[in-house]
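> My questions all concern the structure below.
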């Protein structure tokens, strides 16, 4: 609210207290404001609306504030509510409010009849205490407007007693702050004053005592959420006592409950009420809501981490519930606050925010006590056992192991294995995880069982000191008990709890009483601890219900997230209901669960309204009345579903009776005369959700959900064919004509008689049914598809059908509808396996009997069906098995096994005798896994309390549960890999609550994944027997009885079979199953010898360690061996010996072996001392020498230089024969790759397997969204060390989410082709997609050719286009036979991560485009017109001769007589070149030039260690430039000139862009177009040419400055000495350095300019320039975002449209001069390299070391040596082939030639000359002359008229500097300029005389040499020059 008040004085800078307001109010002379003061506070009285309005005016005037926006509406609403009542009482008009509030905003309360003025209280702002302060005048004004009580003596808020002081007359209204008064007949805040400190009442008849049964029963009702029997007075009375207890410690409520409990009581009541409307009746509900809203406003913008911390530390339930509300709101709207917030909050829900603070302390303390007990008590004779202890310790062996330890991976393996082997822990080390679980459990169990025994022993052993030391009345024990309370509950006890502790300890005067006291304390601590947990759950539920609001969760994603969090919270509450220690709070927990259930139900309903469904199948049974249509409808319904059908009646407007069953019957659906049934049917038979109209509250949101709809009608044509709704109606239904010939004949023959029953049959053979064709509205006609013929078209005759045909038709149509409908993810888990056994028709019965016998023998769960696939799988827990003939069509979702009838005849008795090995009897090849799946698959999870012995499966394992560890170990057999982790969690839960085993198992089964193996385990527990059977799903039986049952069937005797009857029937299994059994056997063998295997492996690693050993050769150990043994016993290998000898010989050193090894180690570790550097240089040369493969020898050379040792090659080097070139690339083409990935390195994340092995890669594209390949994700389990979620496959392409993405993201595009592979090399491809066979299956992609050899593990790396956007992913190569052939999977279109910032853009890829004057554009809806007019005026001195000037102001539009053309047309013409991208250099040539330029800059540019922060980056911008397309005006227009602070518009925009940039995500790259106001040559004006201005978005500019400001500054600092002259001072000594470089001996000079430079810049070159800048940055996400943004196509916004460029580089792009110059260098270098290589020259040196360049954007001077000079014509032709247009500097069409030494060089429109004063860069003379012709003034269309007012100061400075420049051209030209200057003095009013020629010459030279302050600014700073000394070109 603070931002809603505009202050004009300094009063807002200080806190404003109510006391100061009170003082000023008492001093006011306004008669309409009546004030009085008394002991309880300071009060206001408004006798009518005029007084209230006067008070508002006083606040405005006294504190100099102006309410507006939200603050004004808030204040005025409350004033209006007050005035409406006062108007009714006084009759005074309230029209004065209309100037503040619109009529639609006025909220008029309805006053109750008969109420007096004093009974109406305004719910308002409450203040209590003298120190109350307000942050803003808005809050103060609101408090004053609605009334307040200011307590000078900290008195309680309440009704004012009789006034003291000035009396108040009339029907005055006291606007006193009491938020709860409106909620009660007797306000508890007011009636609390009537309660005494002891709990009694001053008026016992009104308010009962605290101990009264009404108070107690009321509290119970609140906790049980059953408040229907409570009266309003009951609420008020309870709240009054609670308020008194919170303010007075002596109230008896504090003896029963603490203050935390009192607030907890209200929290529970509020959280337990399901409907928010019911909460208004709670005590102090309004104040509670106000408190939470206040916390929400204060904390909503705080970072998430701070909220988490506050949540864990806060003891304020209001603050905590407000924080939970904020967290739930942000997590629901995760797409606005990132998925990380949602995942963190889901985890936070599972935590208890008030856990025991001493969990680890307790574990450590108990562990210490256990060890101390072992040494002191359990070991009575430690001296006698000391030798045994030493022998067990084995200190000698341990010391040897430690001494031989090495701090390496291998060293740790050896050491740990040796220690484990030494102490016999090897098996323990192998099975470490289960042992840790067991030990931890035992330790924690011991800790919980010893608390009581320790206290008892302590009291027993020290009983003699009881009277003196254990006086429990001593305060020390209270403090000790309080400390224990803190350790147990996490909270220090308050007064009430301390009183309870004191009362308990006071009676502990004996040992027994002491033990009893300790037990009571333990129970109290446990209860208090649980109170905090329940309170924490209540605050979560309150926050959850506040988030369950359509204004908070506005879209389906937010609703889904809220439902997930509600389900998580419900699970947490559910676990507490299973905990016995929480049984006293069970009613409260159940109420909390009910509230969460209501939130879940509400979310589910909202999702159902937004979730697409499968369209139901609808038929209409038409025929005459009484023929049996309704009976037929119910018969069809019974065959379609086992459920009873739902019934709808369309004659009523509400459908509360609809039950949502699978079949719905609508009888006589068309009986409504208004034809409303048509729209109902169209909406019902649809994939969109259908919301039913229901009256009951609980049915609101009910949707139609039936699968099949059967309607009846007596009308042959329900909808006339001429109706506009006939086509959609008949397209959705199928009509079946039903007639009963027997009944009709009887009725005609026997009129008036009842139809006999024998005319009807149960199989409906009495009916004649004919199904019409699709779209038939009658028996012979169908709807015309185009609706032109009302009579329709001739249709096919009806098809005769029976009931079974109708049922099959409806089932088939529904399955087809499902195929067209994407089912929700997650339902696949309940998919039923289906097996089809196909045989000859005559053998179907035999196969059926064999399978039925096998099912009976082995108690299989599958359903067996013959000759049909129609089975209701919803009623079967197992798989579905079908036996069909080979003439039957088999559905695609069945596993097919074809039976061999010869095998059945060979062993027909096998299955009938035993029922086993049915595979041999059927002659099918079937794996054991399929057999297990078929027999024992369990669909879903089932819990059965009723146990029938004949239904129980046979046991595989029987486990007697002695501890939870036994349970966990047995459950391990049942679990899948992910389920094992859930088992560990179950162990912890069962440890915490071991007495609730059956209930906990039920809860645990809901979210557990079970193994695909069939396992049955019987658990014998103290409370009974549990039988668990699992196979994908699970069944569980629980009983309190003991069951004694035999063991089950082993694997060898199960349906998997084995060898029977002397191997007459061996099982026939696939080869894959045999391989699986072999690997299983190997694993079993290894498990038997795993200990020995580890020991042998460690021994091998130990033996491989470096050990001193003798390597002497020959018969003696002398010679070389003796030398090698020198050096302090160090032994060298042969290679090390040779290195030591060669190094000493070549460096002429006498280095010992020890010194040599030390030097080698220092060099290897990267030391930078002289010796290490020298050794690395020598080592590199030696390696290069040996890499040739030729022999070398050390020789001694004796010559003039003395004796020296050298290495000579002794073998002749032969030139290799060049292979014959062919189209097939050879192996040598792949040796240049260094394997370094260069494309979007920070956005590429690894995909790893379960054990951490590398599988491939994925690419992060922003907001946690990633793309990869299907075969990579199918193999890999983790992406960036986390599980991928929401995985979707589009062919081979996979896109998914990860919760913790990398810091950067890569841009993607769907409409381009790759030009570079992941390693930066060029790609050759036609980019035509097709299907290719690979080792990972068929893939749809394109073939690309690159010169990079790839290897397994490279799949998923990105290929990019010219702009660096990802267009495809690497999926495979041609292997060794064709390594250059790659398959690339294109990135197809899918929904990119949404973001509110990205939605704020003018060009949207998904939006439609239009053609606008030849450009493809999108409409923006915002017309940003191009600015008309010019600021240039003709000087008064040249009104008559301005035509003599070579330049004039640029074209002004269609009204300009010089060339009438609209400004929009000029913009369009300028954008034409941007429609097509220029070619640019070949990728491999550009890469080579890029690497050379980077190598050139490496020693010159320091690498930045960090990027600029947002504020620093903005400070580096020119604030006089445009803000871009989103914000109007210039940057300085949005900055406070005094404070420098940004306004809200600029701050919000930059913050939004910056938040994306910090994630590495590209931001919109858009520009506001304008036309440059400048002087142009008259020949340009004659053809309407005018240059564009690209106004860059300020957000893009800030991000670019943050990323590249330091690098660009470093480049500008070298402008005098390097290739880029941006920032150089052309009027200083730097030009002398340039001049020397120009005339380097042996070089040639070329001056070059370019036409249309900006629009012809190749995108791939710009991308490489940005990569070069990135190379010298910190490569942070902000840098990645800047590169991706500036590389993306720029968007031009103008005239209500936006245009997407395909090439070019906008002149307004950030760092445009630097980027243009880098582009210039890369283009020239690429052209030289390409031309030289085309001549057969291998450019293996850095080309930039041999040439010199001057570049500033498109201006260039090339200084080249002789060999480059010889090919310069081809270089310029090559530049033209790139799409550039190089020209001479004079813009003539002549070829570009070398500049002779006799001619001056022109650069930046200056000529380099040498005069008597030195080297000067002369400005063009015409540029100086035209300064006299034109003056800048106000914008005008009549530029030929002089300006009305001339800024003489600026004009004088401009012309003075012109004269200084003119002095450099000689006396004659200076005299000419002097004449112009004198004319200006005469006509323009300039007073300052021009300097003489000598004065001007001396001043310029002084400025040039730096003697005086220079006003001549360096090049590149045109923005300052235009503002000060203007030189218009």
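Glycine is treated like the rest: Cβ placed from N, Cα and C.
Grabbed the feature section from Swiss-Prot, which reads as follows:
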ACT_SITE  1271  active site, for 3CLpro activity
ACT_SITE  1292  active site, for 3CLpro activity
ACT_SITE  1355  active site, for 3CLpro activity
BINDING   623, 624, 625, 626, 627, 628, 629, 630  ATP binding site
DOMAIN    597-753  domain 'SF3 helicase'
DOMAIN    1235-1391  domain 'Peptidase C24'
> Looking at the active-site residues 1271, 1292, 1355, which has the shortest Cα distance to residue 623 (ATP binding site)?
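Closest recorded candidate to residue 623 (ATP binding site) by Cα: 1292.
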> Using the structure shown, find which entry in 623, 626 (the binding-site residues) has the sparsest Cβ neighbourhood within 10 Å.
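Each of the binding-site residues 623, 626 was scored; lowest Cβ tally within 10 Å is 626.
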> Based on Cα coordinates, which of the following recorded positions are within 10 Å of residue 1292 (active site, for 3CLpro activity): 624, 627, 1271, 1355?
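Correct set: 1271.
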> Counting other Cβ atoms within 10 Å, pick out the least crowded of the recorded positions 625, 1355.
625
> May I ask for the distance between residue 626 (ATP binding site) and residue 1271 (active site, for 3CLpro activity), taken between their Cα atoms and rounded to an integer number of Å?
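Given the Cα positions, residue 626 (ATP binding site) is 62 Å from residue 1271 (active site, for 3CLpro activity).
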> For residue 627 (ATP binding site), which residues in the same chain are close in space, meaning a Cβ under 8 Å from its Cβ, but six or more apart along the sequence?
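The answer is 738, 739, 740, 743, 744, 767.
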> For the ATP site (623, 624, 625, 626, 627, 628, 629, 630), what does the 8 A shell look like? I mean other same-chain residues with CB within 8 A of the CB centroid.
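Result: 712, 714, 738, 740.
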> Excluding near sequence neighbours, so keeping only residues 6 or more apart in the same chain, what lies with its CB under 8 A of residue 630 (ATP binding site)?
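Correct list: 665, 667, 712.
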> Pick out which of the recorded positions 629, 1271 has the most other Cβ atoms within 10 Å of its own Cβ.
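For the recorded positions 629, 1271, the Cβ with the most other Cβ atoms within 10 Å is 629.
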> Whole-number Å only: compute the distance from the Cα of residue 628 (ATP binding site) to the Cα of residue 1355 (active site, for 3CLpro activity).
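Taking the Cα atoms only, residue 628 (ATP binding site) lies 66 Å from residue 1355 (active site, for 3CLpro activity).
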> Other than its own, how many Cβ atoms are within 10 Å of the Cβ belonging to residue 628 (ATP binding site)?
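I count 21 other Cβ atoms within 10 Å of it.
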> At the level of the C-alpha atoms, what whole-angstrom distance separates residue 1271 (active site, for 3CLpro activity) and residue 1355 (active site, for 3CLpro activity)?
9
> Would you mind checking how many other C-beta atoms are within 10 angstroms of the C-beta on residue 1292 (active site, for 3CLpro activity)?
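24, counting other Cβ atoms within 10 Å of residue 1292 (active site, for 3CLpro activity).
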> Would you kindly give the Cα-Cα distance separating residue 1355 (active site, for 3CLpro activity) and residue 625 (ATP binding site), rounded to the nearest Å?
69
> Around the Cβ of residue 624 (ATP binding site), how many other Cβ atoms lie within 10 Å? Please give the count over every shown protein chain.
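So the Cβ neighbour count for residue 624 (ATP binding site) comes to 14.
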> Averaging the per-residue pLDDT over the domain 'SF3 helicase' (597-753), what integer do you get?
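Here the mean pLDDT over the domain 'SF3 helicase' (597-753) amounts to 85.
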